[in-house]
Amino acid sequence: MTTLKTSSFSSLPWDLVEDILARVPATSLKRLRSTCKQWNFLFNDQIFTKMHFDKAEKQFLVLILRLYTVCSMSLDLRGLHDNIDPSIEVKGELSLIDPHCSSRKTFVSKVFHCNGLLLCTTMTGLVVWNPCTDQTRWIKTEVPHNRNDKYALGYGNYKSCYNYKIMKFLDLESFDLEIYEVNSNSWRVLGTVTPDFTIPLDAEGVSLRGNSYWIASHKREEIEEEEEEENEYFINDFLISFDFTTERFGPRVSLPFKCESSWDTISLSCVREERLSLFFQDDGTLKMEIWMTNNITETKTTTMSWSPFLKIDLYTYGHRFGNEVSFLVDEENKVIVCCDEEEDDINDTVYIIGENEYWRKEDIVQRSYRPRMFSYVPSLVQI
């Protein structure tokens, strides 16, 4: 790897220096902070960090939330099609110290990723965390957490910098929609919302270009009271989005397949910060489909088109994934990597599934409750 030296840049115009540094990966710039005060000041500038996030080559790492801890993962699939076994390993814990907890250990129950920032729900509240720079912002909430509370991290898209915000709502018949602005360090109530949709309790949201997306269902208000118990789990019908610039829920996004049963498995993921991806498995046939949106270049996405990425019949393996499954798409190797909880297993399990009925099962570590694997992009974003 080429080493950057401050002396090499001393004769260059400052604008050119900024442009060069804006194209260097975040993890490399992190090591340069102590070499030059002027560079360190630049790396803390919001306008530069936005330019860097837009221009720099993205590094895609894999993290996993397990046992209330965020850990790094090593995932090497390069020799997959040359009959070389993949390498999968859970590495060390990422250090996140809770100043409000006597044990100092932070117990993280949920994670939401956006632009290199992690919004973590903990036992004592919320924290926005940049693992690359080790910055944290601990956020007070007015009332104790409700297990139905949903939080999302996103940003208003402005020319000079990103205005990061947290959206909170409680998925009830009606709720107060709340916004926390990172810049002002304050909460505000947007108003009471009576939605015509519901988001399943175990549905994990994802961020794409500053907006948040969830799998959602129609409100079944026509269901008779005596039928409610049978229809406790509604059929997932569409995606719902939240636009952090307009601070409104967006239009529904149609799914590329038809759910016939509430037991069908659906999960949502993001592919290389460019597209959304859907995991679908039919409960009856066990056939699995992976769909991806076509490239999204605009912040406001009122319509999306979908293309199939992978279709596999898992009936031979007799395996049914649950809705808590998390997955990553590897476009180069034409496979997906899934992490699922096995009721009768003593370990967390990773599955690699690909074309020509490629199927590989890897036990990684001792079993945890609903492990969640996700892609992480290091950034210099300031909080």
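Cβ from N, Cα, C; glycine included.
It should be emphasised that the depicted structure is a prediction, and the values quoted were computed from it without experimental measurement.
Per Swiss-Prot, the features are as follows:
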- 6-51: domain 'F-box' (DOMAIN)
- 110-158: repeat 'Kelch 1' (REPEAT)
- 160-211: repeat 'Kelch 2' (REPEAT)
- 349-383: repeat 'Kelch 3' (REPEAT)
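Note on the repeat 'Kelch 2' (160-211): its mean pLDDT in the predicted model is 85.
Long-range contacts of the repeat 'Kelch 3' (349-383) within the same chain: residues 25-27, 29-30, 43-44, 46, 48-49, 52-53, 58-67, 73, 77, 80, 86, 88-90, 111, 113, 115-118, 128, 130-133, 135-137, 162, 164, 182, 202, 204, 269-270, 272-273, 288, 310, 312-314, 316-317, 319, 324, 326-328, 333-342, each at least 6 residues beyond the stretch ends and with a Cβ under 8 Å from a Cβ of the stretch.
In terms of DSSP helix, strand and coil, the repeat 'Kelch 3' (349-383) has 0 helix, 20 strand, 15 coil.
For the repeat 'Kelch 2' (160-211), DSSP puts the residue distribution at 0 helix, 30 strand, 22 coil.
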